[in-house]
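Have a look at the structure below, then the notes.
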Amino acid sequence: MTTTLTKPPAEPVPEPPRRGRRRPRSARAGGQMHAGPIAYIILALFTLGSLFPLVWTAIAASRDNQRLAQTPPPFWFGGNLLDKIEIAWTDANMGEAILNTTIVAGISAVTVVFLSTIAGFAFAKLKFRGRNALMLTVVGTMMIPPQLSIIPLYMMVAELDWTDQLQAVIFPSLVSAFGVFFMRQYLLQALPDEIIEAARVDGASSWRVIWHVVFPAARPAMAVLGMLMFVQVWNDFLWPFLVLTQNGNPTVQVAVAGLGRGFTPDQALIMGGALLGTLPLLLVFAIFGKQIVGGIMQGAVKG
Amino acid sequence: MTTRHDTTAPPVKGGAAPGRPPGDAASPEEARKRARLSRRWQRDLRWSPYAFVSPFFLLFAAFGLFPLLYTGWASLHTVELTAPTDMEWVGLDNFTRIFDDEFFWNAAKNTLTIGIISTVPQLLMAMGLAHILNYKLRGSTFYRVVMLAPYATSIAAASLVFVLLFGRDYGMINWALDLIGLDKIDWQSDKWPSQIAVSSIVIWRWTGYNALIYLAAMQAIPQDLYESAALDGASRWRQFIHVTLPQLRPTILFTVVVSTIGASQLFGEPLLFDANKGASGGSQHQFQTLGLYLYEQGWINQHLGRASAIAWTMFLILIVIGIVNYVISRRLRASS
C-alpha cells in the first residue's frame with residue numbers, strides 16, 4: 001500500500017491518432033488534472049474554517065472578559081495573552097497537566113509501539129498454531145466500544161486505590177488492537193521473508209531477528225504509530241475525566257474541562273488554558289505533520 | 001526508536017545454527033553441545049511467536065475482555081458507585097427499567113439525530129475535499145496538514161471555543177446572523193440549534209481526517225480506469241459517479257462504520273457544551289446523548305448497575321447497526 005502512495009501517476013495513454021479531433025478534455029482525468037481556481041477557493045475557505053477556531057482561541061485569550069462580552073466580538077489580538085497563559089499555567093494547574101499528559105502519552109506510545117511491533121511481526125511473518133484465530137480476535141476487539149469497559153475498569157481502579165494517579169490512565173492504554181493490525185499490515189510487505197531466513201541461517205535467535213532485522217525495517221511505521229498513539233492518548237477525554245480529578249494529577253483535557261466550570265467562568269482564562277493545552281500537539285503537527293498525514297493515509301488503505 | 005542499527009540483518013556471529021555445523025563434530029561433548037543448541041533452537045522457533053503476541057493478549061484480557069464481560073455481569077445487579085463490591089442480583093430489572101425510562105429514549109433519540117447531522121455532512125464534505133485534493137495542486141501537503149489541525153485539537157479545547165462562538169448574546173455566529181439581518185438563535189437552549197452546534201464541533205474535528213482517508217483510497221484507484229472512461233467520452237462528473245464512487249465503496253463503508261461508532265459514543269462535546277448543567281445535556285436534556293446519560297446514571301446518580309445496562313444496550317444497538325450496514329452493502333453490491 002505504501003507503494004501506491006509513492007508510485008508516480010501512471011503514464012498517460014499515448015494519444016490515439018485521430019485526425020482533426022483533439023483528445024477529449026475529460027481524458028486528463030482524476031489525479032492527472034490540474035486544479036482550477038474554484039478548487040483553490042474551496043480549499044482556502046476550508047483552510048480558514050479549520051484554522052479560525054484555533055486562531056480565535058488565541059485572540060480570545062489575549063482579551064479580557066469585558067471585551068469578550070461585547071459585540072462585535074474581537075477579531076484581533078489584545079494585550080493579555082501572556083498574562084492569561086501565565087495564570088492558566090500557575091493557578092489552573094496547566095503546567096502540571098501538560099507534564100502529566102506528556103508522561104502518560106509518552107509511556108503509552110512507546111509501549112504500544114513496542115508491543116505492536118513484536119506482535120505484528122509474529123502475525124505477519126511467523127507460523128504458529130492458532131495464528132489466524134488470534135489475529136481475528138485482535139481485529140474483533142477494535143469493534144468494542146470503550147463505554148462497555150469503563151465501569152469495571154473504574155471499579156478495578158477504585159479497588160487498587162489508583163484514583164487520581166497516572167497509572168490509572170496509563171495501564172488501559174498500553175495495548176492497541178489497531179497498533180497490532182497496523183504493524184502487521186506494514187511488515188507483511190515491508191519485510192521480505194528472505195532477510196529473516198538469512199538471519200536465521202546465520203544462527204540468529206528470534207529476539208535477535210526482532211532487534212536487528214524487524215526494528216530497523218519497521219522504523220518508519222513505528223514512528224508513525226508512535227505519533228498517532230501520542231495524539232490519541234493526549235486527546236483522550238472520557239477515561240481521564242472519570243479517574244482523574246482536577247485536584248490530583250489532571251491531564252490536559254481534564255484541566256481544560258475544569259476551567260469551563262463555575263457560574264462566572266473567566267472566559268479569557270479558559271481560552272488561555274485551551275490554547276496552552278493545544279499548543280504542544282499543534283507544534284508536533286507543525287513539525288511532523290507530513291509524516292502523520294502519510295501515516296493516516298497509509299493506515300487507511302487496507303490491503 | 002529502540003535501536004540505532006542502520007544495517008538490515010547484520011550477520012550474527014557466535015550462534016549455532018542447525019544444518020550448518022561448525023565442522024564435522026568429533027568429540028561427544030561437542031555433539032551434546034550441538035544437540036542442546038538445536039533443542040534450544042527448536043524451542044525458540046516453536047514458542048517465541050507466542051511470546052511476541054502474549055503481552056498484547058494479557059493486557060487486553062485484563063483491561064479489555066474482563067471489563068467487557070464484567071459489565072454484562074454488573075448489568076444484572078444493583079451496584080452503587082459508593083460500594084462497588086456489594087452486588088445484589090436483580091436479573092433483567094435494570095434493562096426493563098431502561099426501556100420504561102423517558103430520559104433513556106430521549107438520549108437515544110438525541111444520539112441518533114446528532115449522529116446523523118454530524119456524520120452525513122462530515123462525510124459528504126470529506127468526499128468533496130478529497131476529490132479536490134486529488135487534483136494536481138500547488139501546496140497540497142500544506143492543505144493536508146492544515147486539514148488535520150482540528151484533529152490535533154482536543155475535544156475539551158474545541159468544545160470550549162465553540163461554546164464561545166455559539167454564545168447567545170455575544171457569540172460570533174449570532175453576531176454574523178444579526179449582521180445579515182437574521183434573528184439571533186439561542187444555540188444552547190433550543191433543541192435543534194443546540195444539536196446543530198454540538199454536531200458542528202464533531203464536523204469540525206473530523207472532516208479533514210476523513211478526507212485524508214478518502215484521498216488515500218482515491219490515489220489507490222488505477223489511473224487507467226479513468227483513462228478508459230474518458231476515452232469512452234465520460235464527463236468528469238460521470239467518471240466520479242461511475243469510477244471513483246464504486247472503487248471507494250469499501251472505504252466509504254469503513255468510514256460510515258467508524259463514524260457511527262464514534263457518534264454513538266459522543267460524550268465530551270455535549271458535556272462541555274453546557275458545563276454547568278453537568279451531565280444533563282442542557283436544561284431540558286435537549287442534547288443529552290447516551291454517553292452522557294450513562295455517565296449521569298453511573299457517576300452522578302451512582303447507579304453503576306443501571307449504567308452497565310445502558311452500556312450493553314448501546315453495544316447491542318451498535319451490533320444491529322453493523323448488521324444493517326452489512327446487509328445494505330451486500331444489497332448494493334448485488335444490485336450493481
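Each Cβ is built from the backbone N, Cα and C atoms, and glycine gets one as well.
Keep in mind that TrEMBL annotations are predicted by a computer and have not been checked by a curator.
On a predicted model such as this, the values are computed, not experimentally measured, just so you know.
Annotation source TrEMBL lists region 'Disordered' at A:1-31. What TrEMBL lists as transmembrane segment is A:38-59, A:103-124, A:136-157, A:169-188, A:209-234, A:268-288. The domain 'ABC transmembrane type-1' annotation in TrEMBL covers A:98-288.
Listed as Cβ neighbours of the transmembrane segment (A:38-59) (distance under 8 Å, sequence separation of 6 or more from its ends, same chain) are residues 74-78, 81, 271, 274-275, 278, 282. Counted as Cβ pairs under 8 Å, contacts with the transmembrane segment (A:136-157) are highest for A:169-188 among A:169-188, A:209-234, A:268-288. Listed by sequence, the residues of this chain that lie at least six past the ends of the transmembrane segment (A:209-234) yet keep a Cβ under 8 A from its Cβ atoms are 101, 104-106, 108-110, 112-113, 116-118, 120-121, 169, 173, 176, 179, 182-183, 186-187, 190-191, 195-196, 199-200, 252, 280-281, 284, 288, 291-292, 294-296, 298-299.
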